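Pulled from TrEMBL, these are the features on record:
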TRANSMEM  72-95  transmembrane segment
TRANSMEM  146-166  transmembrane segment
DOMAIN    146-486  domain 'Peptidase M50'
TRANSMEM  173-192  transmembrane segment
TRANSMEM  212-234  transmembrane segment
TRANSMEM  434-459  transmembrane segment
TRANSMEM  479-503  transmembrane segment
């Protein structure tokens, strides 16, 4: 039998998950009945590894494999071409990732989020030895359901591709199963080895490439659903009017009587309009990168609102002028023709309400009334942000913009009726993103010419199909394949090892 499954099945195992099974097998009275039960239901239990195999779905697989033979021939032929291209492309991608990791190690430059996610997926799907996903750090605990569900679905679709392609090529199909390694779910199919060896290398390629091909198709389908989600949900949800608050963390600075609440619709951040979650994120990034904006205040109002206060400098060099420990007053700086460094402690809400945003005094000179552009004098990286969420009073946030981004969850979809769940579009959107990432990563990793991955069988069949006339001796072709597999395995192992070092070193 040949098990077309992931490398996760072949990893070293510990005895923790197998303790109960060992106890039953060591019992003289229960051993026979226990082993009969395992055999009857196709269950296999070993340390850190539980596997279940069944023939219940065989009829469905045979029906799928015999459905529209011409279409399936074209379908899996396209998949064969994709698999071969993916095999070479995965080597290039891993080589690029390895160079980026080495460069980062030497320069200690910050790594882009996409590179981090690629390394996370590479590590998990290729070895299982190196877990870069840490709940609560780079993967919130609330996202674990999406993560493991997407892994299981991607694995099942991967193996369904192998099984249907094998039946299409007249290879006997023995069964389908799923497994759990530690906490990671996966799937596998059993094919009859003799049949698989008797068919041509091109037929073998259609079978071996079907897994990565189906993962690619699943990723593309998920991407299309993600793009068309506003149209799909249009009868129930509308978009383009703001960002709907779906959750506010308990420790969020936006949590409070004057803060944000679930169901609020955010329409503006300062003078930056918000029509979607993407606008919310881009506005916060723009606010954090640029200097603090000011507010136009007439000279008479400035004199009326300000009161004497001691001015002193903070450790970072910024100036503080409010010494009354008030939660409503903020130190503002402004300039006039005589002195360019004046400070006043002012009530923040009275200054901001009914005021327009400015950068310099020139922005406030359109009216005949003398006015100044007063700017909050805050610590470095700290911003005063006015968040509009009508019909409620504006929220005034003081802090780092990214803290607001991390502790407030939003959605671009606003329900048309009150009984509709505000979280449903977010669930669909998030799950599609996980399917795109993990299914795509599974396609890339399994295409790598590495021992125990689909890439090993793809490479061997590819060499048999292309080099049989150039390299007559089969042993020489096998030697070429072995050397390529050795190099591919070393490349993948280097990515995993350096990624592990990067995590543990920090």
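Cβ coordinates come from backbone N, Cα and C, glycine included.
Not measured: the values here are computed from a predicted model.
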Leading stretch by Cβ pairs under 8 Å, where the reference is the transmembrane segment (212-234) and the options are 72-95, 146-166, 173-192, 434-459, 479-503: 434-459
Folded-back contacts onto the transmembrane segment (72-95), same chain, C-beta under 8 angstroms, at least six residues removed: 65, 122, 161, 164-165, 168, 202, 205-210, 212-214, 216, 443-445, 447-449, 454-455, 458-459, 462, 488, 491-492, 495
Integer average pLDDT (0 to 100) for the domain 'Peptidase M50' (146-486): 91
